[in-house]
Every structure is written in C-alpha cells, then in structure tokens.
Amino acid sequence: MNNFAQRWLFSTNHKDIGTLYLIFGAIAGVMGTCFSVLIRMELAQPGNQILGGNHQLYNVLITAHAFLMIFFMVMPAMIGGFGNWFVPILIGSPDMAFPRLNNISFWLLPPSLLLLLSSALVEVGCGSGWTVYPPLSGITSHSGGSVDLAIFSLHLSGVSSILGSINFITTIFNMRAPGLTMHRLPLFVWSVLVTAFLLLLSLPVLAGAITMLLTDRNFNTTFFDPAGGGDPILYQHLFWFFGHPEVYILILPGFGIISHIVSTFSRKPVFGYLGMVYAMISIGVLGFIVWAHHMFTVGLDVDTRAYFTAATMIIAVPTGIKIFSWIATMWGGSIQYKTPMLFAVGFIFLFTVGGLTGIVLANSGVDIALHDTYYVVAHFHYVLSMGAVFALFAGFYYWIGKITGLQYPETLGQIHFWITFFGVNLTFFPMHFLGLAGMPRRIPDYPDAYAGWNAFSSFGSYVSVVGIFCFFVVVFLTLTSENKCAPSPWAVEQNSTTLEWMVPSPPAFHTFEELPAIKESI
C-alpha cells in the first residue's frame, strides 16, 4: 500500500501523472456521456419523458454534461494525458520542468469534480447552462449553494490548468534536447505550447468574471446587476473572452495529434511544417479577438457586429491551411488505414463540416435567426464531439502501444470507429435541420413538428453508447493482452521521425539516461 501511495499519490513522474489524467478523463467522460444520453432520452419524443416535467433538472443535466466533457474529459485527457506523457519524450527531456507542480495540477482535479457533482445535488442544482449567465445564475434565480459550488469547481480546475500550462511552457522553452530548435519541434509539442499560452491568458479572465458573480451572489455587490449600476452584458464579454479561446484549447492538441498520425500512416513528412506551426499560432492569436460572435443578439453596434463577423471568418484561413496540409500530406502517400488513421480521416472530414457551419454562424445577420437554436448545438458538437473526441480516440490507438507496451486488437478498434462514426453523425446531423426549423436549445420539450428528427437524433446517441462500450472492451483486451508492442509499431523500417518511437514500449520509468542529441537531417 505504501509503495502504491508513493507511486501514484505522490508521483512526480510525467508518465504516471499522464496515466492518472487519462484514467480521470475516461471516468469523467463516462459520466458526461451518461448525462448526454439522459438528455437525448428526454428529447426522444415530444412531451415529458423520463424527467417527469422537472425542467430545472433538465438544465442541470445540460450544465453538468458541458462542464464534465470540457473541463474533466477533453482537457485532462488531451493536455494532461497525452501532453504529459509525450511532450517530455518528444523533446528529449527527462521529465517536466516542475514535477511536483505537475502532481498538484492533477490532484486539484478530483476535488474540483466532486464540487461540480455536489453542485448538482444541493438545492435544485445549477441549471444555468455552462455559460452561467446572470441574472439566471444570480442569487434571486438560483438561491442556495449550487451555483457557488459550480463556481468553486471552475476556480479549482482553472488553477489546475494554469499551473499545468506554466509547466508546459517552461518545459518546452527550456528543456529541449540539444539541436532540437523551435523550428524542428514536433507538431504535437507546438500545439500543446500554443494551447498552454491560450490557457494562461484566458483563464484569469474567467476567474475574474466568476469571482465577481460570486460576490454579486453572496456579498451584494452589483457588478452584473443594473440596479446598482452593473451590467449583465459585462459578464458575457468576460466569459466569452475566455470561452472562445477555450474552444481552441480543446481542439489545438487534437490538431497536433492528427498531424502526427496522418504523417505516420501516409508514410510522408507533414506537408508544409512551418505553415502548420504558423497556422496554429495564428489560430491562437485570432481566437482572442472574436469573442463577441457569441453575442450577436445582445444589441451590439452594427459596426461591432461587422468587425466580429469579418474577424471570425479570418480564422477559417489558418484552419483551412491545416486541413489542406493534412490532405496534401496524404496525397500520393502509401496510406495504411489502421484505426488511428481512420479516426484521423474521420476527424478531418467531420471537423471540416463543423467548420463550414461555423462560417455560416459567423454571419451576424444569419446568426440572429440561428442563435440559441439546435443549429449551434450541431455546429459545436461536430467540432467537439467529432473533432476533439475523434482526436482523443486517434491518439489513444496511436500511442496506447507505447504507453502500455501491449498491442490493441485492430479489428475491434475498427469496429469501434465505424459504430462511433455512424452514431455521432446520426445524432448531430439532424440537429442542423431542427435548428434551421427554429428549435431552441436548452429546452426540454418541443412542438410535435420537430418529433421526427429528434427521434433520429436520440437513436444516434444510443448507437454512440454502443461505440463507447466497444472502446472500453478494446481497453480491457489491450491491458490483458499477451501481444507485446514493438518500440516503433507503425514503422516499415526504422524511419521514425519523432523520439517516442526510439525508446522502448513501454518507456523506462526514466526515459532518457542521457540527453539525446538531434543532428541536422540530410
């Protein structure tokens, strides 16, 4: 027991902490998925279904689903899990710059998760949506401690992310192997670096906003209360100044993972490496100056709306550069459709669809009609549920052999992909039609006219759950398998381009006994 505590509770090893993050992300992901299925069961038919007319509970489910998936599934798994596991290995460093800071970055998350879950259990729960807009989140509409607990949960996970990003930035700037210049950094490392900067710059703004909300609720300040000279729109500006970079935080590490996978399975180096790097940096910078496109309906000036429309559309340019570079990487390649590559190609296709609906919503005039309808839900679920999540699965299949030293079952992995692909598309594609027909978000009941597409959508979510079940069967079979994984399972001969394939599978507790030196390539 003592050894167990020493290794897992007090761990300062980046691989062990990465493993903890991945397990934590899986647990939170299952909980978030359960909530989403409850939502789809309620919406399967018109009228009150499983929640018996408790509309507050429906909103609590919506809120908890969003928080779980964003802050406790995608971020811990992508940045904390794959980031911790592979950034030090990819840059040839013995560990992270601040190993004990790394430990507390992880251990702040379970208490944060407990606070979030308790917020759903006290009083009537926090039914404010993940945006926590006042006045709905104010003390008059949500008396009791539920919103306060959700705010504390956000504070805690925010501190965790800020500490983690400081650690990543320091590690990547200071601990690269000799000869590994910034212009030779693997793309996944670049993506984590940009993500860390986004976190560092955006989370303090969220912290300020929710702290003001906390004092509005408990100490009678009026930051967001017009009666005392405050303004609820100020909260929206602060929240979305964080919230928009946040969606890029969720997807950027995925971009890095996909770049590695597409390159590996096309047997070609990534097309336009520098372009890929600068595209990611541009996305990071532009992500900070488009926040008000979430607020086209609050009465912004027409010139303000014109600016945010234009700026939002500019983001499509670096994103397009990335998409076309992935396609160019595959062009003329000798492509192998193993499971990671299937998820990567699925990612590229579905992320493009999500980006396309994003361009539609960027038009402020169109958005007036589509704001807060299911069209928006369809848009960001194509980007997240099929972008971020597919990137996570792709990264899992790509690296699980390296993490465990065991080979995953290829056929079952492909079955997992096809069931999930079918399920998520069946869930979210009909939502475009519902949104165009005017069905509003976050409402637990709807007119009979919307019944058909909602039935399809709910069926799709049940299919997705079968896919998730397949995934956990894959995890179980991998961990209990006898098939050892080669140091470089994807290489035809020794043509690895990144360091993680040059160390054993699994890597030793201390990866590099001496610093690797990176020489000029021919």
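Using N, Cα and C of the backbone, Cβ positions are placed for all residues, glycine too.
According to Swiss-Prot, the feature transmembrane segment maps to 19-39, 67-87, 104-124, 149-169, 187-207, 238-258, 270-290, 313-333, 341-361, 380-400, 417-437, 459-479. The Ca(2+) binding site annotation in Swiss-Prot covers Glu42, Gly47, Pro444. Per Swiss-Prot, the feature Cu cation binding site maps to His244, His293, His294; the stated evidence is similarity to another entry. Taken from Swiss-Prot, the feature O2 binding site applies to Tyr248, supported by similarity to another entry. For His371, Asp372, the entry in Swiss-Prot reads Mg(2+) binding site. Look at Swiss-Prot and you will find His379 tagged as heme a3 binding site, backed by similarity to another entry.
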Review point. What are the other residues, in sequence order, whose C-beta lies within 8 angstroms of the center of the C-beta atoms of Glu42, Gly47, Pro444 at the Ca(2+) site?
Key: Leu43, Gln45, Pro46, Asn48, Gln49, Ile50, Leu51, Gly53, Tyr58, Asp445, Tyr446
Check your understanding: Do any residues at least six apart in sequence from His293 (Cu cation binding site), in the same chain, have a Cβ closer than 8 Å to its Cβ, and if so which, in order?
Key -> His244, Phe308, Thr309, Ala311, Thr312, Leu361, Ala362, Ser364, Asp367
**Study point:** Cα-nearest neighbour of Glu42 (Ca(2+) binding site) within the listed binding-site residues, Tyr248, His294, His371, Asp372, His379
**Key:** Asp372
Exercise for review: Can you figure out which of Tyr248, His294, His371, Asp372, His379 (the binding-site residues) comes closest in space to Gly47 (Ca(2+) binding site), comparing Cα atoms?
Suggested key: Asp372
Revision key, fill the gap. Keeping only the binding-site residues of Tyr248, His371, His379 whose C-alpha lies within 10 A of that of His294 (Cu cation binding site) yields His371
Exercise for review: Compute the centroid of the Cβ atoms of His244, His293, His294, then list the same-chain residues not in that set whose Cβ lies within 8 Å of it, in sequence order, for the Cu cation site.
Suggested key: Trp240, Gly243, Val290, Trp291, Ala292, Met295, Phe308, Thr312
Point to revise | Maximum Cβ pairs under 8 Å to the transmembrane segment (380-400) - stretch from the list 67-87, 149-169, 187-207 | key: 67-87
Practice item. Return the stretch with the most CB pairs under 8 A relative to the transmembrane segment (270-290), choosing among 19-39, 104-124, 187-207, 238-258, 417-437. Key: 187-207
Practice item. Report, as numbers and ranges, which residues of the same chain sit near the transmembrane segment (67-87): CB under 8 Å and 6 or more residues beyond its ends. Key: 14-15, 17-19, 21-22, 24-26, 28-29, 31-32, 35-36, 96, 102, 105-106, 109, 112-113, 116, 130, 150, 153-154, 157, 161, 164-165, 168, 171-172, 188-189, 192, 195-196, 199, 246, 249-250, 253-254, 257, 384, 388-389, 391-392, 395, 399, 403, 500
Practice item. With an 8 Å cut-off on Cβ-Cβ distance and a minimum sequence separation of at least 6, pull the same-chain contacts of His371 (Mg(2+) binding site), or say none. Key: Phe296, Thr297
